[in-house]
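Feature annotations, reproduced from Swiss-Prot:
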- 68, 82: kinetin binding site (BINDING)
- 68, 82, 133: trans-zeatin binding site (BINDING)
- 68, 82: N(6)-dimethylallyladenine binding site (BINDING)
């Protein structure tokens, strides 16, 4: 098995705590609202949201679903890691799983820097993923995060107590 890594970061105007809560703790509620053209349903299949939890995202139309395993949750440091191990995200490439790691770093301006690392675990050591595929993955992750950010900005009272 090979591992191919890509990284990205961008600045959010939301506090790390508020964005973290929206993505990690309230994702099952927010994802379908923030991305209604893409996500039909987000649900926890087993677990309490901590490491070992299994989540499922069901996409709109005929795009199927993905299952995620929560690997690490660190609310204090606004860090989160999960693995996609089943579903549409793995169907078009020879991948065993995709691991998403992200950390939200507070900025002096009360926003945060969204840092993400994506690790693609291939079904062989000799497999390469195209630059376009890796860039599209970064764009999807950033688009997803920015959609949650936009939802929270448009609904400022949503998780006000964590701002």
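Glycine residues also receive a Cβ, built from the backbone N, Cα and C atoms like all the rest.
Calculated from their C-alpha atoms, the gap between residue 68 (kinetin binding site) and residue 133 (trans-zeatin binding site) amounts to 20 Å. Each residue contributes its Cα atom, and for residue 82 (kinetin binding site) and residue 133 (trans-zeatin binding site) these two points are 20 Å apart. Residues 68, 82, 133 are the ones the record ties to trans-zeatin, and the longest Cα gap between any two of them is 20 Å. A simple Cβ count within 10 Å picks out one of the binding-site residues 82, 133 as the most packed, and that one is 82. Secondary structure from DSSP puts residue 133 (trans-zeatin binding site) in a helix.
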